[in-house]
């Protein structure tokens, strides 16, 4: 008993040493977090494992008098603390099996979980993975295991014992095995692990020195990789150690400042092997052929001149018979010309780019003197996946996205995935756990057979032959097995809602019975009232879910729940771990790396009274949590329905970041590609004109705008820093034409307050001001210079400034400990952003429903550049709403954000001088384009008004007007054809885009302007709903959603425009036929423009008809009746004169 108590006391002391107390009151943030390891009893009560006072779960085995009995053994030669490297490994095992919760005015708790999901977790990296429990009575800790999940047992009798109990047996039990009572052959835990073959490779680093933070130690390690050569040209380890003050492993390595054998200038020396090799770039800029681009630019200039002459002619030649009609048309045409200029000018310098993945592998993953083992020298990437509502964003879709990320072709020890569940739903949590479990089979299968795409749902639904180019004899068997495994996985995901509900009902019934028994025992013969217990949502291990409950209760609602972090897959080992062929395993994974990237579930804390800032707030919480836990210098953000379609997409983006001048790139934007859209793309869901024309054109300026998903960020750019060498780069109009000379320019007041980043090691960042900007997390602040250093390109060329030496990122990452995750819990709490610059100048910017555009604008405004990466195989694919109503609401949200931008300080008219002129015009167009809806609405009614009144926008259809009209139309068509030529879009896609421009302009854009004005003038906040990712109810039709008609008020303006124009055509034709002096020219002008409007609204009208071939007969009946009624009414109101000749004589100028 004494030994067990000593074990508990030592474990308590070790766990509690990882931090300080997290309790705090009022609005004061805590100083630093502590971790309370605990377990909930079946009744939901917490039992802390980090206290000396253990209770409840031991009551069945020990009497009450021993529950508070403790023996503290002081440090003696026979009682030394566990080796730090071993204790770190043990603690990581606790951390990876713990659900961390906490937040404002609460203790951060690490809830040890027996299991995360109902099914068995097989992969050793997964939380709640299968593992043996300690056989010592009163101890339910897990037995220490190696990277394959195999138990490490110190005795040949295979008695299962955990690390703490083993140390206790050695020190207090005479080094005798409690099972067979024979002496242990190895009495040191490290020796036991070495004998098991688990520690020799993965725990080779000596313990870190005391008093040095993890981030400072890591930065010191990276900067200690200075190159030193001997006289023979070989790597001189002794000279490196003693002449440069370098050290191996953890130590006091510093960045050498003194002059030495490197030329006396303190710069990084390059090995002869690198300097002798020809330097090759990672990317190339492919300019558009001059035969296409020159006529394109010439036509734009010619059309600008033609527009100017036409508008001047229109202003000078009034229609005296209908001045009101002439005035409205001229105002609309002036605005259309202005809007066209804003849209066309940024397209003057389109470019294409290409990457060279072979060069990337040669530079970063090939053995060199600075990297003898050939470990990957690529920087880390943290992938963010955001979801908020499992009902509108099905967990199966999110799970498939996660699986595609875990299977990406990128060094998995450098890859981490963070899932933000802003709804705090247990359904999402268990779906992610199921995905992590299925990844144990799916990811090695993808690596073994080079599968593309690595989203199982998309892969198994491919239309093409899955066996093409597959040569391994076991592929068919493996694919058949994986298909069955995936079908079972889908059934488990689809059954999770019912499973959670049944489980919660069962536990709730049990709790009610227990409560009634206790009440009857205390009440005796008195009348017992019904017991009311809050109906909780229960996890798989029989404890309360700390997030949102199915039946909302206090502190368990969408807007009121604790912060949650669960490491679903702990960080992988630094060395490759190959699989083997074992009976019972579905696949033969010999020579296949079975490790998985780190996967973390995050649900930020939410409390009433705090503005959580929707998606932008969730992304900023992920930025802070990831900086503390993995600190990848680059961040890729994806929507839950956008998966990695090209497994090498991350490498393609990294080519731009690691190339010469890449340190000035803030983000790499990939185009959005969509699946599940109808073949005709009725509502321009593919949006190819924007992604293949506008974005390519912006790439020739300062870079494309950020569009919310499929974007690879540089972390320090998100932190609000200026780009390196900001004073050396002065923008012109664009990067390929009209360059501006370098000159000292005045910087806007906003930019003078921007954070500065040192361009060299002599100009370090000023860390003293960071807590006020980034919050009170010292770990987060310490991580900033590390992320900046790791994100630098290789200094392998004299032109590369602000680079890092090769081999600096080959060191293994630190093991996760409890204090690190507790710090992350603190960083995602609801109070953390108070009195900081998060959302104002740091991270995703708040204040707009289109936070993506604003965030990208702020970066460009500081002088950063962005790059557009179009890969040969689509990098990412997602889903888009194909239903008309959902599509209109999506466009409404985008347009509302643009209106908010126009009325905010993010208006491009207020941009700094660091933004190029044409880039500023592009951003100005982003804020102005919704206002075109007013003029477009008026212009769509003008043909009808012309037909009703018998007048036209011009006095007569003379030759001058028709010539101008023909010239403007032809130049527009020729420009469109050249755009199609250099961008690769099809003519049909261009026409669909034109059609939906009018549909959206007369509906969603108009509503967005009205909502924006209400917010600015009346202060009425704008709310929007998530775009549904679910499909229609008709499982037999892939495009069932396309034919569903869901009424919305946004449909009223387009319907009115169609009806009025149809009636006007009927009225105009009837009046002209029965007129004494018919004006055929005016009729033709009005009818032509009415048909122009109706042709653009055709997809909208088709959407109102519902399913193809099922148009109700009543529609045709009513259409005929309305047409006949309108004609008869017009004849009754304005009867024809007594003229027998119908139609008069036709005259045309």
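Even glycines carry a Cβ here, placed using N, Cα and C.
Feature list (source: TrEMBL):
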type: ACT_SITE; residues: 422; note: active site
type: ACT_SITE; residues: 852; note: active site
type: BINDING; residues: 386, 392, 393, 422, 614; note: UDP-alpha-D-glucose binding site
type: BINDING; residues: 615, 639; note: Mn(2+) binding site
type: COMPBIAS; residues: 1-17; note: compositional bias 'Low complexity'
type: REGION; residues: 1-35; note: region 'Disordered'
type: TRANSMEM; residues: 922-945; note: transmembrane segment
type: TRANSMEM; residues: 957-977; note: transmembrane segment
type: TRANSMEM; residues: 997-1020; note: transmembrane segment
type: TRANSMEM; residues: 1055-1077; note: transmembrane segment
type: TRANSMEM; residues: 1083-1101; note: transmembrane segment
type: TRANSMEM; residues: 1113-1133; note: transmembrane segment
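On the structure: features taken from TrEMBL.
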{"residue": "386", "record": "UDP-alpha-D-glucose binding site", "Cβ contacts under 8 Å, 6 or more apart": "420, 422, 615, 618, 619, 622, 637, 638, 639, 640"}
{"residue": "614", "record": "UDP-alpha-D-glucose binding site", "Cβ contacts under 8 Å, 6 or more apart": "422, 849, 851"}
{"residue": "852", "record": "active site", "Cβ contacts under 8 Å, 6 or more apart": "706, 707, 708, 711, 844"}
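Counted as Cβ pairs under 8 Å, contacts with the transmembrane segment (922-945) are highest for 997-1020 among 957-977, 997-1020, 1055-1077, 1083-1101. Highest Cβ contact count with the transmembrane segment (997-1020) among the listed stretches 957-977, 1055-1077, 1083-1101 falls to 1083-1101 (criterion: pairs under 8 Å). Largest CA to CA distance in the UDP-alpha-D-glucose binding set (386, 392, 393, 422, 614): 16 Å, whole number. Of all the Cβ atoms in the protein chains shown, 24 others lie within 10 Å of the Cβ of residue 639 (Mn(2+) binding site).
With every protein chain in view, the residue among the binding-site residues 392, 615 whose Cβ has the most Cβ partners within 10 Å turns out to be 615.
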